[in-house]
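See below for the structure under consideration.
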Ligand code: DMJ
(Lines of atoms letter the chains of each structure in order from A and count residues from 1; the text may use other names and numbers.)
(Lines give C-alpha, C1' and ligand atoms only; values in the text may rest on other atoms or scores of the structure.)
Protein backbone atom coordinates (compact mmCIF):
# COMPACT_ATOMS: atom_id res chain seq x y z
CA UNK A 1 0.00 0.00 0.00
CA UNK A 2 2.90 2.36 0.69
CA UNK A 3 4.57 1.34 -2.57
CA UNK A 4 7.73 0.19 -0.82
CA UNK A 5 8.65 -2.68 -3.09
CA UNK A 6 12.08 -3.48 -1.63
CA UNK A 7 10.66 -3.96 1.88
CA UNK A 8 7.78 -5.98 0.48
CA UNK A 9 10.13 -8.24 -1.46
CA UNK A 10 12.36 -8.67 1.59
CA UNK A 11 9.40 -9.57 3.79
CA UNK A 12 7.97 -12.05 1.29
CA UNK A 13 11.33 -13.75 0.98
CA UNK A 14 11.66 -13.95 4.73
CA UNK A 15 8.24 -15.56 5.01
CA UNK A 16 9.01 -18.06 2.24
CA UNK A 17 12.38 -18.95 3.75
CA UNK A 18 11.48 -19.15 7.41
CA UNK A 19 7.80 -19.80 8.02
CA UNK A 20 6.50 -23.32 8.51
CA UNK A 21 3.09 -24.40 9.72
CA UNK A 22 4.30 -27.81 10.70
CA UNK A 23 4.09 -26.86 14.36
CA UNK A 24 2.64 -28.51 17.42
CA UNK A 25 0.62 -25.41 18.05
CA UNK A 26 -3.08 -24.98 18.72
CA UNK A 27 -4.52 -21.98 16.93
CA UNK A 28 -7.90 -20.37 16.61
CA UNK A 29 -9.32 -21.27 13.21
CA UNK A 30 -10.79 -17.80 12.74
CA UNK A 31 -7.68 -15.84 13.73
CA UNK A 32 -5.35 -18.07 11.70
CA UNK A 33 -7.65 -17.61 8.72
CA UNK A 34 -8.10 -13.86 8.79
CA UNK A 35 -4.59 -12.95 9.92
CA UNK A 36 -2.36 -15.60 8.34
CA UNK A 37 -4.24 -17.18 5.46
CA UNK A 38 -5.61 -13.77 4.44
CA UNK A 39 -2.23 -12.09 4.36
CA UNK A 40 -0.63 -14.92 2.37
CA UNK A 41 -3.41 -14.77 -0.20
CA UNK A 42 -3.36 -10.99 -0.40
CA UNK A 43 0.40 -10.92 -0.94
CA UNK A 44 0.12 -13.67 -3.54
CA UNK A 45 -2.54 -11.71 -5.41
CA UNK A 46 -0.39 -8.58 -5.35
CA UNK A 47 2.70 -10.43 -6.57
CA UNK A 48 0.86 -12.10 -9.44
CA UNK A 49 -1.15 -9.05 -10.50
CA UNK A 50 -0.30 -8.43 -14.15
CA UNK A 51 -0.92 -4.68 -13.74
CA UNK A 52 1.32 -4.13 -10.68
CA UNK A 53 -0.42 -0.90 -9.61
CA UNK A 54 1.60 -0.49 -6.38
CA UNK A 55 4.96 -0.48 -8.15
CA UNK A 56 6.99 -3.53 -9.00
CA UNK A 57 5.93 -6.03 -6.34
CA UNK A 58 6.92 -9.06 -8.35
CA UNK A 59 9.28 -11.57 -6.76
CA UNK A 60 12.13 -13.02 -8.77
CA UNK A 61 11.60 -16.72 -9.54
CA UNK A 62 8.31 -16.67 -7.65
CA UNK A 63 6.76 -20.11 -7.92
CA UNK A 64 3.45 -19.54 -6.11
CA UNK A 65 5.14 -20.24 -2.79
CA UNK A 66 2.72 -18.07 -0.80
CA UNK A 67 -0.23 -19.84 -2.37
CA UNK A 68 1.33 -23.20 -1.51
CA UNK A 69 1.78 -22.01 2.06
CA UNK A 70 -1.81 -20.80 2.20
CA UNK A 71 -2.91 -24.18 0.93
CA UNK A 72 -0.78 -25.99 3.50
CA UNK A 73 -2.21 -23.89 6.32
CA UNK A 74 -5.80 -24.32 5.14
CA UNK A 75 -5.37 -28.09 4.95
CA UNK A 76 -4.16 -28.02 8.56
CA UNK A 77 -7.30 -26.09 9.51
CA UNK A 78 -9.64 -28.54 7.76
CA UNK A 79 -9.90 -31.00 10.69
CA UNK A 80 -11.93 -28.31 12.45
CA UNK A 81 -14.71 -29.05 9.97
CA UNK A 82 -14.69 -32.81 10.54
CA UNK A 83 -16.76 -34.68 13.13
CA UNK A 84 -19.05 -31.77 13.68
CA UNK A 85 -22.72 -32.71 13.46
CA UNK A 86 -23.84 -29.32 12.22
CA UNK A 87 -20.95 -28.53 9.87
CA UNK A 88 -20.07 -25.57 12.08
CA UNK A 89 -16.31 -25.84 12.73
CA UNK A 90 -14.51 -26.34 16.01
CA UNK A 91 -12.99 -23.09 17.24
CA UNK A 92 -9.44 -24.41 17.63
CA UNK A 93 -7.19 -26.83 15.88
CA UNK A 94 -3.66 -28.08 16.42
CA UNK A 95 -1.64 -27.49 13.25
CA UNK A 96 0.02 -30.89 13.57
CA UNK A 97 -2.52 -33.05 15.36
CA UNK A 98 -5.92 -31.73 14.38
CA UNK A 99 -8.71 -30.97 16.84
CA UNK A 100 -7.44 -31.40 20.42
CA UNK A 101 -9.22 -34.26 22.29
CA UNK A 102 -10.46 -31.91 25.00
CA UNK A 103 -11.79 -29.44 22.47
CA UNK A 104 -14.63 -27.10 23.24
CA UNK A 105 -17.87 -27.74 21.35
CA UNK A 106 -18.92 -24.12 21.57
CA UNK A 107 -17.98 -21.44 19.10
CA UNK A 108 -19.00 -17.92 18.26
CA UNK A 109 -20.95 -16.95 15.17
CA UNK A 110 -18.29 -14.60 13.83
CA UNK A 111 -15.50 -17.11 14.39
CA UNK A 112 -17.27 -19.96 12.64
CA UNK A 113 -19.17 -18.00 10.03
CA UNK A 114 -16.59 -15.61 8.64
CA UNK A 115 -14.16 -17.85 6.83
CA UNK A 116 -15.75 -17.68 3.43
CA UNK A 117 -13.75 -14.83 1.87
CA UNK A 118 -10.33 -16.42 2.51
CA UNK A 119 -11.47 -20.01 1.96
CA UNK A 120 -13.36 -19.00 -1.18
CA UNK A 121 -10.39 -17.14 -2.65
CA UNK A 122 -8.16 -20.11 -1.94
CA UNK A 123 -10.60 -22.51 -3.57
CA UNK A 124 -10.96 -20.36 -6.63
CA UNK A 125 -7.20 -19.87 -7.00
CA UNK A 126 -6.56 -23.59 -6.63
CA UNK A 127 -9.57 -24.77 -8.58
CA UNK A 128 -10.49 -26.94 -5.60
CA UNK A 129 -13.91 -26.39 -4.11
CA UNK A 130 -13.17 -28.06 -0.75
CA UNK A 131 -12.27 -24.94 1.18
CA UNK A 132 -15.14 -22.83 -0.06
CA UNK A 133 -17.47 -25.75 0.45
CA UNK A 134 -16.67 -26.22 4.14
CA UNK A 135 -16.79 -22.46 4.83
CA UNK A 136 -20.07 -22.08 2.99
CA UNK A 137 -21.57 -25.10 4.76
CA UNK A 138 -20.74 -23.43 8.09
CA UNK A 139 -22.42 -20.18 7.05
CA UNK A 140 -25.52 -22.02 5.91
CA UNK A 141 -25.66 -24.09 9.08
CA UNK A 142 -25.53 -20.96 11.24
CA UNK A 143 -28.06 -19.26 9.02
CA UNK A 144 -30.47 -22.18 9.37
CA UNK A 145 -30.31 -21.80 13.15
CA UNK A 146 -31.61 -18.21 13.18
CA UNK A 147 -34.73 -17.55 15.22
CA UNK A 148 -38.05 -18.19 13.49
CA UNK A 149 -39.48 -15.29 15.38
CA UNK A 150 -36.96 -12.49 14.85
CA UNK A 151 -34.66 -13.89 12.17
CA UNK A 152 -31.73 -13.03 14.44
CA UNK A 153 -28.69 -15.16 15.30
CA UNK A 154 -27.11 -15.51 18.72
CA UNK A 155 -23.43 -15.13 19.51
CA UNK A 156 -22.37 -18.59 20.80
CA UNK A 157 -23.52 -21.96 19.45
CA UNK A 158 -22.89 -25.63 20.23
CA UNK A 159 -21.44 -27.15 17.04
CA UNK A 160 -22.84 -30.63 17.77
CA UNK A 161 -26.36 -29.86 18.96
CA UNK A 162 -26.92 -26.56 17.16
CA UNK A 163 -28.24 -25.06 20.40
CA UNK A 164 -27.54 -21.43 21.09
CA UNK A 165 -25.45 -21.12 24.22
CA UNK A 166 -25.13 -17.37 23.84
CA UNK A 167 -28.49 -15.86 22.93
CA UNK A 168 -27.23 -12.35 22.56
CA UNK A 169 -27.76 -10.83 19.15
CA UNK A 170 -25.70 -7.72 18.46
CA UNK A 171 -23.24 -6.24 16.01
CA UNK A 172 -20.10 -6.51 18.11
CA UNK A 173 -17.95 -9.27 19.57
CA UNK A 174 -18.97 -12.75 18.48
CA UNK A 175 -21.14 -11.52 15.61
CA UNK A 176 -19.52 -8.64 13.69
CA UNK A 177 -17.66 -10.22 10.78
CA UNK A 178 -20.42 -12.77 10.13
CA UNK A 179 -22.49 -9.94 8.66
CA UNK A 180 -19.47 -8.31 7.05
CA UNK A 181 -18.55 -11.50 5.20
CA UNK A 182 -22.05 -12.17 3.89
CA UNK A 183 -21.77 -8.90 1.98
CA UNK A 184 -18.08 -9.13 1.11
CA UNK A 185 -18.47 -12.69 -0.17
CA UNK A 186 -21.16 -11.42 -2.50
CA UNK A 187 -18.99 -8.49 -3.64
CA UNK A 188 -16.13 -10.83 -4.39
CA UNK A 189 -17.79 -13.97 -5.70
CA UNK A 190 -21.11 -12.60 -6.92
CA UNK A 191 -23.12 -15.49 -5.46
CA UNK A 192 -26.72 -14.35 -5.16
CA UNK A 193 -27.42 -16.44 -2.06
CA UNK A 194 -24.85 -14.43 -0.08
CA UNK A 195 -26.57 -11.17 -0.94
CA UNK A 196 -29.97 -12.61 -0.07
CA UNK A 197 -28.74 -13.72 3.35
CA UNK A 198 -27.12 -10.33 3.92
CA UNK A 199 -30.23 -8.38 2.93
CA UNK A 200 -32.36 -10.51 5.19
CA UNK A 201 -29.93 -10.13 8.09
CA UNK A 202 -29.69 -6.38 7.55
CA UNK A 203 -33.46 -6.05 7.62
CA UNK A 204 -33.70 -8.02 10.86
CA UNK A 205 -30.96 -5.90 12.40
CA UNK A 206 -32.87 -2.75 11.50
CA UNK A 207 -36.09 -4.19 12.88
CA UNK A 208 -34.79 -5.54 16.18
CA UNK A 209 -31.42 -4.00 17.06
CA UNK A 210 -31.79 -0.40 15.99
CA UNK A 211 -33.20 1.95 18.60
CA UNK A 212 -33.80 5.70 18.41
CA UNK A 213 -35.45 7.91 15.86
CA UNK A 214 -36.28 6.72 12.40
CA UNK A 215 -34.60 9.32 10.21
CA UNK A 216 -31.23 9.58 11.82
CA UNK A 217 -30.37 13.16 11.00
CA UNK A 218 -33.66 14.84 11.72
CA UNK A 219 -36.81 14.68 13.81
CA UNK A 220 -37.42 14.11 17.47
CA UNK A 221 -36.14 11.36 19.73
CA UNK A 222 -32.79 9.85 20.51
CA UNK A 223 -30.10 9.39 17.88
CA UNK A 224 -30.02 5.83 16.58
CA UNK A 225 -28.06 3.15 18.37
CA UNK A 226 -27.72 -0.59 17.74
CA UNK A 227 -28.22 -2.51 20.97
CA UNK A 228 -27.75 -6.12 22.15
CA UNK A 229 -30.97 -8.09 22.32
CA UNK A 230 -32.16 -11.62 23.00
CA UNK A 231 -32.23 -13.36 19.61
CA UNK A 232 -35.58 -15.07 20.29
CA UNK A 233 -37.53 -12.21 21.85
CA UNK A 234 -35.81 -9.05 20.66
CA UNK A 235 -35.70 -7.86 24.28
CA UNK A 236 -32.81 -5.65 25.38
CA UNK A 237 -30.12 -7.79 27.05
CA UNK A 238 -27.76 -5.14 28.41
CA UNK A 239 -26.92 -1.48 28.07
CA UNK A 240 -23.44 -1.63 26.59
CA UNK A 241 -22.07 -1.39 23.10
CA UNK A 242 -18.61 -2.62 22.24
CA UNK A 243 -15.83 -1.06 20.29
CA UNK A 244 -15.92 -3.82 17.65
CA UNK A 245 -19.37 -2.61 16.65
CA UNK A 246 -17.78 0.57 15.26
CA UNK A 247 -17.11 -1.37 12.03
CA UNK A 248 -20.82 -1.27 11.21
CA UNK A 249 -20.95 2.24 9.70
CA UNK A 250 -18.25 1.06 7.27
CA UNK A 251 -20.42 -1.87 6.26
CA UNK A 252 -23.37 0.47 5.85
CA UNK A 253 -21.26 2.56 3.47
CA UNK A 254 -20.64 -0.54 1.36
CA UNK A 255 -24.35 -1.10 0.91
CA UNK A 256 -25.08 2.59 0.39
CA UNK A 257 -26.83 3.35 3.67
CA UNK A 258 -24.54 6.36 4.10
CA UNK A 259 -26.92 8.56 6.07
CA UNK A 260 -27.32 6.02 8.86
CA UNK A 261 -23.60 5.30 8.75
CA UNK A 262 -22.81 8.98 9.31
CA UNK A 263 -25.01 9.05 12.42
CA UNK A 264 -23.71 5.86 14.00
CA UNK A 265 -20.10 6.78 13.29
CA UNK A 266 -20.65 10.14 14.99
CA UNK A 267 -21.74 8.35 18.16
CA UNK A 268 -18.52 6.35 18.30
CA UNK A 269 -16.46 9.40 17.49
CA UNK A 270 -18.07 11.21 20.43
CA UNK A 271 -16.91 8.38 22.72
CA UNK A 272 -13.43 8.58 21.18
CA UNK A 273 -13.32 12.34 21.82
CA UNK A 274 -14.18 11.78 25.45
CA UNK A 275 -11.42 9.21 26.13
CA UNK A 276 -8.95 9.60 23.27
CA UNK A 277 -9.69 5.92 22.53
CA UNK A 278 -12.64 3.54 22.47
CA UNK A 279 -13.20 1.48 25.60
CA UNK A 280 -13.80 -2.18 24.78
CA UNK A 281 -17.30 -1.84 26.21
CA UNK A 282 -19.10 1.42 26.80
CA UNK A 283 -22.25 1.54 28.90
CA UNK A 284 -24.57 4.06 27.26
CA UNK A 285 -26.88 4.14 30.26
CA UNK A 286 -24.16 4.83 32.83
CA UNK A 287 -22.18 6.94 30.34
CA UNK A 288 -19.03 5.13 31.42
CA UNK A 289 -16.76 2.33 30.22
CA UNK A 290 -17.81 -1.16 31.37
CA UNK A 291 -14.59 -2.71 30.07
CA UNK A 292 -11.92 -0.04 29.92
CA UNK A 293 -9.09 -1.37 27.73
CA UNK A 294 -8.31 -0.36 24.14
CA UNK A 295 -6.15 -2.82 22.19
CA UNK A 296 -5.48 -0.43 19.28
CA UNK A 297 -8.52 -1.65 17.41
CA UNK A 298 -9.17 -0.39 13.89
CA UNK A 299 -12.96 -0.34 13.60
CA UNK A 300 -13.54 3.39 14.07
CA UNK A 301 -10.69 4.30 11.70
CA UNK A 302 -12.00 1.79 9.17
CA UNK A 303 -15.46 3.39 9.19
CA UNK A 304 -13.91 6.85 9.09
CA UNK A 305 -11.90 5.90 6.00
CA UNK A 306 -14.89 4.38 4.21
CA UNK A 307 -17.10 7.34 5.08
CA UNK A 308 -14.48 9.70 3.70
CA UNK A 309 -14.38 7.70 0.48
CA UNK A 310 -18.15 7.87 0.26
CA UNK A 311 -18.67 11.52 1.16
CA UNK A 312 -15.30 13.25 0.61
CA UNK A 313 -16.32 15.39 3.56
CA UNK A 314 -13.16 16.83 5.17
CA UNK A 315 -14.77 16.24 8.55
CA UNK A 316 -13.50 12.65 8.28
CA UNK A 317 -9.95 13.86 7.69
CA UNK A 318 -10.30 15.78 10.92
CA UNK A 319 -11.54 12.64 12.70
CA UNK A 320 -8.53 10.77 11.31
CA UNK A 321 -6.16 13.45 12.54
CA UNK A 322 -7.78 13.36 15.94
CA UNK A 323 -7.40 9.57 16.14
CA UNK A 324 -3.80 9.81 14.94
CA UNK A 325 -2.95 12.39 17.60
CA UNK A 326 -4.54 10.29 20.37
CA UNK A 327 -2.58 7.24 19.23
CA UNK A 328 0.63 9.25 19.25
CA UNK A 329 -0.10 10.83 22.62
CA UNK A 330 -1.42 7.87 24.56
CA UNK A 331 -0.24 4.63 22.98
CA UNK A 332 3.24 5.25 21.59
CA UNK A 333 5.90 3.11 23.26
CA UNK A 334 9.60 2.57 22.76
CA UNK A 335 9.30 -0.27 20.26
CA UNK A 336 5.83 0.26 18.84
CA UNK A 337 2.36 1.17 20.00
CA UNK A 338 0.79 -0.30 23.09
CA UNK A 339 -2.64 -1.50 24.12
CA UNK A 340 -4.25 0.92 26.56
CA UNK A 341 -5.03 -0.99 29.71
CA UNK A 342 -7.42 1.69 30.86
CA UNK A 343 -8.78 4.43 28.63
CA UNK A 344 -9.29 6.83 31.53
CA UNK A 345 -6.01 6.27 33.33
CA UNK A 346 -4.10 5.79 30.04
CA UNK A 347 -2.03 2.95 31.51
CA UNK A 348 -0.42 0.67 28.95
CA UNK A 349 -0.01 -3.07 28.38
CA UNK A 350 2.98 -4.71 26.72
CA UNK A 351 0.95 -5.84 23.75
CA UNK A 352 0.53 -4.71 20.15
CA UNK A 353 -1.89 -6.83 18.13
CA UNK A 354 -1.10 -7.48 14.47
CA UNK A 355 -4.33 -5.76 13.42
CA UNK A 356 -2.78 -2.47 14.49
CA UNK A 357 -0.49 -2.65 11.46
CA UNK A 358 -2.72 -4.50 9.06
CA UNK A 359 -5.79 -2.41 9.76
CA UNK A 360 -5.49 0.62 12.04
CA UNK A 361 -2.33 2.01 10.42
CA UNK A 362 -3.36 0.98 6.91
CA UNK A 363 -6.75 2.69 7.07
CA UNK A 364 -5.20 5.81 8.58
CA UNK A 365 -2.55 5.92 5.87
CA UNK A 366 -5.10 5.40 3.11
CA UNK A 367 -7.42 8.02 4.57
CA UNK A 368 -4.82 10.69 3.87
CA UNK A 369 -3.30 9.21 0.72
CA UNK A 370 -5.81 10.39 -1.84
CA UNK A 371 -3.68 9.31 -4.80
CA UNK A 372 -3.05 5.77 -3.61
CA UNK A 373 -3.51 3.11 -6.32
CA UNK A 374 -6.25 1.63 -4.13
CA UNK A 375 -8.32 4.72 -4.91
CA UNK A 376 -7.65 4.97 -8.63
CA UNK A 377 -10.65 4.29 -10.78
CA UNK A 378 -10.25 1.07 -12.67
CA UNK A 379 -8.58 -0.57 -9.67
CA UNK A 380 -11.15 -2.43 -7.64
CA UNK A 381 -10.14 -3.62 -4.21
CA UNK A 382 -11.89 -5.04 -1.22
CA UNK A 383 -10.53 -5.28 2.31
CA UNK A 384 -10.80 -8.53 4.17
CA UNK A 385 -11.94 -8.27 7.78
CA UNK A 386 -8.27 -8.06 8.75
CA UNK A 387 -7.62 -5.22 6.30
CA UNK A 388 -5.83 -7.32 3.69
CA UNK A 389 -6.34 -6.12 0.16
CA UNK A 390 -7.80 -8.38 -2.48
CA UNK A 391 -8.69 -7.35 -5.98
CA UNK A 392 -12.30 -7.71 -7.01
CA UNK A 393 -11.38 -9.73 -9.99
CA UNK A 394 -13.02 -11.84 -12.65
CA UNK A 395 -10.99 -14.85 -11.58
CA UNK A 396 -12.85 -14.93 -8.25
CA UNK A 397 -16.20 -14.73 -10.01
CA UNK A 398 -15.78 -18.03 -11.72
CA UNK A 399 -15.83 -21.17 -9.74
CA UNK A 400 -14.34 -23.90 -11.84
CA UNK A 401 -16.71 -26.38 -10.34
CA UNK A 402 -20.40 -26.77 -10.80
CA UNK A 403 -20.96 -29.27 -8.07
CA UNK A 404 -20.52 -27.14 -5.03
CA UNK A 405 -23.68 -28.16 -3.24
CA UNK A 406 -24.52 -31.30 -5.08
CA UNK A 407 -23.45 -34.61 -3.66
CA UNK A 408 -22.97 -33.17 -0.16
CA UNK A 409 -22.51 -36.52 1.53
CA UNK A 410 -19.81 -37.48 -0.86
CA UNK A 411 -17.95 -34.24 -0.21
CA UNK A 412 -18.32 -34.56 3.54
CA UNK A 413 -16.74 -38.00 3.29
CA UNK A 414 -13.87 -36.62 1.27
CA UNK A 415 -13.23 -33.86 3.78
CA UNK A 416 -13.22 -36.48 6.50
CA UNK A 417 -10.77 -38.74 4.79
CA UNK A 418 -8.57 -35.83 3.79
CA UNK A 419 -8.85 -37.09 0.27
CA UNK A 420 -8.97 -33.57 -0.97
CA UNK A 421 -5.64 -32.61 0.46
CA UNK A 422 -3.48 -33.22 -2.53
CA UNK A 423 -4.25 -30.75 -5.22
CA UNK A 424 -2.09 -29.97 -8.18
CA UNK A 425 -2.09 -26.55 -9.65
CA UNK A 426 0.25 -25.53 -12.12
CA UNK A 427 -0.45 12.75 2.31
CA UNK A 428 -1.04 14.40 2.56
CA UNK A 429 -2.11 15.62 6.12
CA UNK A 430 -1.26 19.27 5.73
CA UNK A 431 -4.51 20.12 4.08
CA UNK A 432 -6.50 19.19 7.15
CA UNK A 433 -8.10 22.39 8.37
CA UNK A 434 -9.39 23.47 11.71
CA UNK A 435 -12.50 21.60 12.95
CA UNK A 436 -14.76 24.67 13.01
CA UNK A 437 -14.31 25.31 9.32
CA UNK A 438 -15.69 21.91 8.30
CA UNK A 439 -18.84 21.25 6.58
CA UNK A 440 -20.25 18.99 9.26
CA UNK A 441 -21.92 15.90 7.87
CA UNK A 442 -24.55 16.15 10.59
CA UNK A 443 -26.70 18.93 11.94
CA UNK A 444 -24.92 20.63 14.81
CA UNK A 445 -27.76 19.96 17.25
CA UNK A 446 -27.32 16.26 16.51
CA UNK A 447 -23.65 16.54 17.39
CA UNK A 448 -24.57 18.29 20.64
CA UNK A 449 -27.13 15.61 21.43
CA UNK A 450 -24.64 12.76 21.12
CA UNK A 451 -21.92 14.71 22.92
CA UNK A 452 -24.41 15.01 25.79
CA UNK A 453 -25.26 11.30 25.54
CA UNK A 454 -21.66 10.29 26.10
CA UNK A 455 -21.09 12.87 28.85
CA UNK A 456 -18.80 15.09 26.77
CA UNK A 457 -20.83 18.21 27.57
C1 LIG B 1 -9.81 -7.84 13.64
O2 LIG B 1 -9.06 -8.97 13.90
C3 LIG B 1 -10.87 -8.15 12.64
O4 LIG B 1 -11.34 -6.95 12.12
C5 LIG B 1 -11.98 -8.98 13.20
O6 LIG B 1 -13.03 -9.19 12.30
C7 LIG B 1 -12.54 -8.37 14.47
N8 LIG B 1 -11.80 -7.26 14.91
C9 LIG B 1 -10.39 -7.37 14.97
C10 LIG B 1 -9.74 -6.08 15.35
O11 LIG B 1 -10.44 -5.38 16.30
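Any Cβ shown, glycine's included, is placed from N, Cα and C.
As given in TrEMBL:
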type     : residues : note
ACT_SITE : 31       : active site, proton donor
ACT_SITE : 176      : active site
ACT_SITE : 280      : active site, proton donor
ACT_SITE : 299      : active site
BINDING  : 385      : Ca(2+) binding site
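For the active-site residues 176, 280, counting C-beta atoms within 10 A of each C-beta gives the highest total at 176. For the active-site residues 31, 299, counting C-beta atoms within 10 A of each C-beta gives the highest total at 299. Listed in sequence order, 34, 38, 114, 117, 177, 180, 181, 184 are the same-chain residues at least 6 apart in sequence whose CB falls under 8 Å from the CB of the residue listed as 'Ca(2+) binding site'. Of all the active-site residues listed here (176, 280, 299), 176 has the Cα closest to the Cα of residue 31 (active site, proton donor). The 6 Å Cβ screen around ligand 1 retains 385 from the recorded positions 31, 280, 385, ordered by sequence position. Residue 299 (active site) is 11 Å away from residue 176 (active site) when you measure Cα to Cα.
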